[in-house]
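Trainee: Pulled from TrEMBL, these are the listed features:
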- 24: active site, proton acceptor (ACT_SITE)
- 75, 81, 88: substrate binding site (BINDING)
- 19: site 'Transition state stabilizer' (SITE)
C-alpha cells in the first residue's frame, strides 16, 4: 500500500541555494524536494511538496491534509521555535 506523504517547508526556504550560500549551501528547495520525492518513491510512497512564507498558509495546508495524507514532514524554518498555531495544527492532524 502506498503511503501519502506531505512535505511542508516554511518561510524563506524558497530562497535555499541563493540566500547566503556561504551559510546554507547551494542546494535549492527544488533539489531538496526532488531528493525527498526519490526517497519516498523508493519506499513505495508518494510525496507532495508545499512551501509557504506565511504561518496561516502552513496551518491551512495542515488542516487540508487531514484524512488525505498518512504523514507530514515539516521544516517550519523560522516558525520552528515560535509558532503555537503550527504546533496546534499538527497535534490536531495527529488526533484527527
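Residue 1 is the first one shown; counting continues down the chain.
From the backbone N, Cα and C atoms, a Cβ is placed for every residue, glycine too.
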Trainee: Hey, does DSSP put residue 75 (substrate binding site) in a helix, a strand, or just coil?
Mentor: strand
Trainee: Among 75, 81, 88, these being the binding-site residues, pick the one whose CA is nearest to that of residue 19 (site 'Transition state stabilizer').
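Mentor: Looking at Cα distances from residue 19 (site 'Transition state stabilizer'), the smallest one goes to 75.
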Trainee: Counting across all protein chains present, how many other Cβ atoms fall within 10 Å of the Cβ of residue 75 (substrate binding site)?
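Mentor: Excluding its own Cβ, residue 75 (substrate binding site) sees 14 Cβ atoms within 10 Å.
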Trainee: Among the recorded positions 19, 81, whose Cβ has the fewest other Cβ atoms within 10 Å?
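Mentor: Output over recorded positions 19, 81: least Cβ neighbours within 10 Å is 81.
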Trainee: Quick one: largest C-alpha distance among 75, 81, 88, binding substrate per the record, in angstrom?
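Mentor: Maximum Cα-Cα distance: 15 Å.
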Trainee: Just how many other Cβ atoms lie inside 10 Å of the Cβ on residue 88 (substrate binding site)?
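Mentor: There are 12 such Cβ atoms around residue 88 (substrate binding site).
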Trainee: Within 10 Å of the Cβ of residue 24 (active site, proton acceptor), how many other Cβ atoms can you find? Include all protein chains, please.
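Mentor: Excluding its own Cβ, residue 24 (active site, proton acceptor) sees 14 Cβ atoms within 10 Å.
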Trainee: Please state whether DSSP places residue 81 (substrate binding site) in a helix, a strand or coil.
Mentor: helix
